[in-house]
Amino acid sequence: PVFILNKGQSLKLLCNDTLPVSWDFKNPKPSAKERTSNKKEWYITHATTKDVGKYTCKNSENVSASTYIFVKGKYLCVVSSFSFPRHDTGNLMDEDVLVVCPLTDPDVSNFTLKMCYRPWLPKGMELVPDPHKGILIKTVQRSFKGCYQCSVQKNGSEIMSEPISLNVRGVPRACPNVTVSKQTQLLKEGEKFEVACTINDIDSTVSNVSSKSKNVGDYGYVRKLTLSISSVGVNDFGVFTCQAENAFGKSKATVTLNVLGKYFLEKFIDAGKNLNLVVYCEAYPKPEEQVWMYMNETLQNSSDHSVRFKDLGNNSYVNELHLTRLKGTEGGMYTFLASNSDANSSIMFSVYVKTKPEILTSDRLSNGMLQCVAAGFPAPTVEWYFCPEIEQRCFDSPAITSFDAKISSKNSSSPSFGWVVVESTIDVSSFKNNGTVSCKASNDVARSSANYFNFAIKEQTNTHTLFTPLLIGFGVAAGLMCIVVVILVYKYLQKPKYEVQWKVVEEINGNNYVYIDPTQLPYDHKWEFPRNRLSFGKTLGAGAFGKVVEATAYGLFKSDAAMTVAVKMLKPSAHLTEREALMSELKVLSYLGNHINIVNLLGACTIGGPTLVITEYCCYGDLLNFLRRKRDSFICPKHDEHAVTAVYENLLNKKEPSWGYLLLKRLRNTAPQHPRMQCPVPHPPVLCGQTFYPLNSVGQVVVLAPSQLPLPSLGV
């Protein structure tokens, strides 16, 4: 039962049972404590909103009965708040939230929830109202965050509760994304080390973060941390880890710092020779790690180099790196690192590999300059020579000053160790006579042996200043004329060559036959059928520009029925003439209408894509193969001397030759002038008789005027 009291009224609740009983009372307010009584009576002497709630009486065997009491007062609700069963700071996304606003008066309507500052609720919010508890919000999302009020209608007026704010915290579905600005760094002792760590997550519970942390809108959190060492020492060598954690798990990113002590050695060696780097060290305790590194990468034993470590005793150790047949690209910083529990130490070798100069490219540029590109170490010097005759090399000629020279490194990451590339250019216009130009590259490695490249220079002849513009003008005009002619010829070939004429040929047996231009026929859009109701199957046949596909049409005649049909369509390579021919075929079939003796048109798709012609499906295939398969069924066991004559009498009709002759003559004269259109059209008597004359690939189709000849339903 439910009791409704006015504020200040009294009420006595009595619980009768043979066993000992007790009363329990729970106010809807989440913070309210449960009240109990071991007496059979429960007295409410002066009812207030604090007495609103559920009263339960139970005996010692936990058999219970309950009632609910409403106390009408000044306010609509006992309390207005949100119930967070597990979280004090807000509810997690995708959980249910109870808006605690139980009613004090059940005689109200339209109990719902509204936002404080706008008349509509967030998209996707689902509400479940309960007068005893409040309003439950199902599956809370981040977009539901805001201010809300409970609302009811009473006596035609709307009553609102106090405003309450909803805060929703995101639920992490993955570990935080942690990235660092660099993975490894090699520094000298005393240099500055700085690395930035960026943490991306859906939310954060950190209440006090640095100035480099910020919230990105309502749906993301970014925190940036920077680790800085103003002057690194050898003891700072090691791995630094940036770690972040959320409810889903932990993520981390690392950066390796290598610090080189103030020990440097430089080694210059010619390419192709072997080099051994040996380091003697004394350490106590024994070094835990001894590694050789090349350009910040740890070296392992391979065919090009080998690493050896040896313990000499008395806390002495020797470490060797053997480099075999050094190449020009293997120059750089080789570092030995050693560390134990007390300190780190390192020594660095700068290895320079000397290489002979090479002419990489030599070419004549578009601006009339000659360019010669050479590479080697040390940086090669490019010299130019000119010979007045055609020579292989210019030995005795004096050197020519180059116009421009640029020096760059082949390996930008280690510019002081890799090949040095030199580009040199010279102006051709400075030579007045014919001859040969050679470029020579040399450095300290190969001074006597030089590389040459020859340029043959011819005397420049000045053309007439007027001839060149005229030639260009005539060439442009001729090109434009050719383009116009090609376009006109193409348009002419694409133009359909139809003879538009309506002509009564002959009257036979009271029936008039006419020639009809298919392009002049109208297309009735009642034949349109939706494309999405076609389900295509296997290909039944294909021709030069089209194919026929088996398909299933849904709702062709009845909305809930499926029908097997044949769909004729063009291949992607079909031209405009083939598309017009297929459209003409569609118009002819729609003009003929349905008949028992032809393959009837069922529908078409001409809008929103390529043209599709939907016809009846012939389950027995084409006539030729059908007759071949059934040839044994037509063999007559009896031989009648008049059988052959009877067959010819059935095939030939004395009234037809004149008409057939005129028709064939007409087709022979006009067929080559029309586009291809595979539209099998029967001889008109086939609509009334049983004799067939199939005619294919015609531009004009002979049809029977429907108004002058009825089409009887005769079996074939």
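The first residue you see is number 1, and the count goes up from there.
Here the Cβ of each residue, glycine as well, is placed from N, Cα and C on the backbone.
Note: TrEMBL annotation is automatic and uncurated.
If you look up TrEMBL, you'll see 176-256 (among others) marked as domain 'Ig-like'.
Marked as domain 'Ig-like' by TrEMBL: 357-456 (among others).
Feature annotation from TrEMBL assigns transmembrane segment to 470-493.
What TrEMBL lists as Mg(2+) binding site is Tyr513.
The annotation domain 'Protein kinase' is assigned in TrEMBL to 534-716.
The number of other CB atoms found within 10 A of the CB of Lys568 (ATP binding site), across every protein chain shown, is 23. Lys568 (ATP binding site) falls within a strand when secondary structure is assigned with DSSP. Feature annotation from TrEMBL assigns ATP binding site to 541-548, Lys568, 616-622.
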The domain 'Ig-like' (357-456) [mean pLDDT, rounded to integer]: 72
All-chain count of other Cβ atoms within 10 Å of Lys547 (ATP binding site): 14
Cβ neighbour count within 10 Å of Gly541 (ATP binding site): 12
